[in-house]
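**Student:** OK, TrEMBL features for this one:
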DOMAIN    B:93-303  domain 'ABC transmembrane type-1'
TRANSMEM  B:35-54  transmembrane segment
TRANSMEM  B:97-118  transmembrane segment
TRANSMEM  B:130-150  transmembrane segment
TRANSMEM  B:175-199  transmembrane segment
TRANSMEM  B:228-248  transmembrane segment
TRANSMEM  B:282-306  transmembrane segment
Amino acid sequence: MSPPLPSRRGVLGGIGALAVAGSFGLAAANRSASALASDADVRVRYWNLFSGGDGANMIAMLDAFRAANPRVGVLDSTLQWGNPYYTKLAMAASGNRAPDLAVMHLGRIPGFAPGQLLDPWDVRLLAEYGVREADFNPVLWKRAVVDGKLYGLPLDIHAQLCFYRRDVCEKAGLLGADGDLAKVTSPEDWFKALKAAKKAVEGAVHTIGIKADEPNFSWWFFLSFYTQLGGTCLSADGREVTLDTDKATQVLEFLRQHLTDGYSTAIGIADGESFVNGSAFTWEGNWSVPVFSGAKLDYGATPLPPVFGEPATHTESHCFVLPHQSQRGGATNEGAHQLAAYVVKNATAWARGGHIPAYLPTLDDKKYVSLEPQSEYVSAMDHMAVEPSAWFAGSTGLLAQRIGPVIASSNVGSAKPDATARRMKDVLEKLVAMKNPMEGRSAAEGGSAA
Amino acid sequence: MSAVDTAVAPAAVRTVPAAGTDALRARLTRRLQHGGWFVAPFLTLFALFVLFPIGRGLWLSFTDANISGTGERFVGLDNYREALDSPLLWDSLGHSAYFTLLVVPCIVVLAFLLAMLAHHIERAKWLWRLCFFAPFLLPSTVAGNLWQWLFNPGTGMINHVFGLDTPWLTQKSTALLAVVITTLWWTVGFSFLLFLAALQNIPRHLYEAAELDGAGAWQRMVHITLPMLRNITGLVITLQILASLQVFDQAVVMQDFGPGPEESTRTFVQYTLEEGFTAYRVGYASAISIIFFVLIAAVALGRMWLLRKREEGVR
């Protein structure tokens, strides 16, 4: 038997009820949207790529800004990190639907068509909100300037670190008198330390996690040690490949030895978990600080060991940018400057996520100095190993995407270090000869090498 | 009205030489007047969302256009020349082809076996059908993430159940295989459904007659079931080849948007995406899309040609 059909009146009644309910819903949605801007004179649309601990920190800082500046409404959107983010940002800017303010990696600025997809900062306006060039690490500020104009306002430096467990390292006799990791200055000493640590590690975890198979990390670690050897990838003007294959081979052999000597594995995916479960070391980005602190580990963190002499560790930076708008200006633009200046100046809260603040006065803030292990690795900002300045470089850019897997293949043992070094040179040469799609000139022709 | 038109149409076309061009024009006009309005919405959408993008893509493939859509210049065949010279293109094409070679035979056999099982089982038929078809309803991101967990070397179920220590997704020799296994589980349901429907369409009396003639189960399978499923098998193979060549989402999700260990899971579609949206080289990405389009069309046409030839042979 089929169920009785609803009457015509019943159907009409139902549709009417739905319409009424729907209009309530719409009204509610409208109210919440207008509430955002109700007390605010301007509304700043802000895109960022921070999730996890960073995301929570950023939201707390935005709330503080809102409380202090009720006249400026902030409509923030958190988008997925990496290439999807940069694609959306580029397309929004080219389609003239860009947000008023956004975050990006400093290394991506040369490739992001300054002047076309990005608008320059009004330095005078920034100064009015208390942010001046003198307050920043000069290396960072210089990297954000293209053709004499500032395109990125540096927020932080994030570095690759050597995390160590004090309990394990103490047992292995690797701690100095101050309770921190004793300095190691040669590959031989480093592997001696690992040998001692291996004996002290308990359970079925490896001695050190180096993310040997992960393309991005592989590239970052390579760059750190290669810079320690004084190596460069491109000439200063970005037109020529200067990769020294002998030095590169030396670094690749050093990285690979972690696996061949049995201190690490080809499976990098569990490195962080392994550290929590008792590995002596892990090489990770400083954004892992909230994870390890949350796990209540007794641990410390230093820049990557200076085994090849000069200390150097890979760093990138988050910075604020103004995505291109054809009508940029007025109160909204001013609000964007105000918001960015506020976050940059109040970077102590931001540093809780592990990042080193770019705004130098923060480093003297007592609250910052007392942060552990943050204060232990501040020196990373004095020895930055950064990607070459080119349109294809920068976090998760084309260079990392092409060269990272090549390095990883040597790390895990399926390609020989010297052959890998030659392949790396080949990758760089192809990229240097490749036309920058945003301006039609290759790096070899002088395109976008800041 | 239109039914009458349709009914007379073949006759009208056949009488064209006798009736002359004026009569033909009159008939065409009449048919357009009556049917034109019905097909206009479709034609508009088709032109707007299919023809125009294809034409625009073809034009872009001869330019150095970037993602911002400004200042595109005509570069002739440069993009095509570069593409055919690029080892990345051939590698990624190789991965897509290898994936197709692995997936298609497995899907056909597996879907057929599952359909036979679901067709012959007597109890809880609906449960079997649901079990075999349900994974196909999942979005690719869900399927990819699910199997990423299952393949996790430390905590995943696969290594645990089979007592293995295999880093499935992080070593070159198994990464693409893991994507193949995921795809089989995720997509076999569709082909299974096609086979099941075809099995149910085979007239029972054929089997009854064969049984009376003393044919055993094996003979009934070889002489009735398989020949009656020939057309549907051809369809499943064609659809699977086309779908497998375009493999992208599950591979990308399982490798967290990377190219996989030693670039072993970068497929052709992923390469196109990287060039278009990471390198912002829209012109070049359009050129490789066109190359891929031609390749896929060639495979589909080749398959159709083979099928027709075989049918003519049967006749």
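From the backbone N, Cα and C atoms, a Cβ is placed for every residue, glycine too.
A TrEMBL annotation is a machine prediction, not a hand-curated record.
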**Student:** Considering only the recorded stretches B:35-54, B:97-118, B:130-150, B:175-199, B:228-248, state which has the highest number of Cβ pairs under 8 Å to the transmembrane segment (B:282-306).
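**Tutor:** Per the Cβ under 8 Å count, B:228-248.
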**Student:** List, by number or range, the same-chain residues at least 6 past the transmembrane segment (B:97-118) whose CB is under 8 A from its CB atoms?
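**Tutor:** Counting only partners 6 or more residues beyond its ends, the transmembrane segment (B:97-118) has Cβ contacts under 8 Å with 125, 128-129, 132, 176-177, 179-180, 183-184, 187-188, 191-192, 194-196, 198-199, 229, 233, 236-237, 240-241, 244-245, 247, 251, 267.
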**Student:** With a Cβ cut-off under 8 Å, give me the same-chain residues at least six positions beyond the ends of the transmembrane segment (B:175-199) that come close to it.
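**Tutor:** Contacts of the transmembrane segment (B:175-199) (Cβ under 8 Å, skipping residues fewer than 6 from its ends): 95, 98-99, 102-103, 106-108, 110-112, 114-116, 118-119, 129, 132-138, 140, 143-144, 147, 151, 168-169, 225, 228-229, 231-232, 235-236, 239-240, 243-244, 247, 250-251, 254-255, 260-261, 264-265.
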